[in-house]
Amino acid sequence: MNAIWIAVVAVSLLGLAFGAILGYASRRFAVEDDPVVEKIDEILPQSQCGQCGYPGCRPYAEAIGSQGEKINRCAPGGEAVMLKIATLLNVDPQPIDGDEQEVAPVRMLAVIDENNCIGCTKCIQACPVDAIVGATRAMHTVMSDLCTGCNLCVDPCPTQCIELRPVAETPDSWKWDLNTIPVRIIPVEQHA
C-alpha cells in the first residue's frame, strides 16, 4: 500500500514538473501572429475551397496581409468580402478576379438530384461548410443559405447527381448594373 502512494506522488510530481516546463516553453518560444492577418482571416468565409489558388482561407489571409496578394480572389465571398478587406486595409476595391467589369459574378449553388442520390455521404464529407444534410443510404439535400458554390462536392459524387446552378435573382440578391443604363444629358435652358 505504501508503494502505491509513493508511485502516485512520484508520477504527480513528474506531471507537475513537465507541465511547468511546457508552460514556460510555450511562453518563451511563442510566435506572435499578425493582427491584420487574423482580421482578414475572420472576414474570409472559411469555406477552404481553394478557388483563390491557396489551400485554404488562412494561407490566403497570410498572403494578403504579408505578401500583398490581391484582395479579389475569394469567389465564395464575392464582392462583400472583397469590400470588407479593402476597408480593413484601406485600399481601393478591385473587381472580382476573372471579371474585368465591375459586375459581381453570378452566385452558384449546388443542387442534388434526389432521385439519383444513393446516400453515400461523400458529398457531406467533402463540403467544407456543412451545407449538405442527409444520412447514410438516404437522400441528401443542400441548404441553400449555407452553400458557397465552391464545387468541392461535385467530383466525389459517384452517381454524378450534383450540379452547380446559378442562384435565381431575388429582391435580396438583385443589384443594379449601372454600366448598362443609358444616360442622356438634357441641357438646361438658362434664363437671362
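Here the Cβ of each residue, glycine as well, is placed from N, Cα and C on the backbone.
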Select one of Cys57, Cys74, Cys157: the residue that Swiss-Prot places in the [4Fe-4S] cluster 2 site alongside Cys117, Cys120, Cys123.
Cys157
Out of Cys127, Cys161, which does Swiss-Prot tie to the same [4Fe-4S] cluster 3 site as Cys147, Cys150, Cys153?
Cys127
Could you check the binding-site residues Cys74, Cys120, Cys123 and say which one's CB has the most other CB atoms within 10 Å?
Cys74
Determine, using Cα-Cα distances only, which of these binding-site residues is closest to Cys157 ([4Fe-4S] cluster 2 binding site): Cys49, Cys74, Cys127, Cys150.
Cys127
Sequence-remote contacts (6 or more beyond its ends) of the domain '4Fe-4S ferredoxin-type 1' (108-137), Cβ cut-off under 8 Å?
45-49, 143-144, 146-167
Using only C-alpha positions, which one of Cys49, Cys57, Cys117, Cys123 is spatially nearest Cys150 ([4Fe-4S] cluster 3 binding site)? These are the binding-site residues in the record.
Cys49
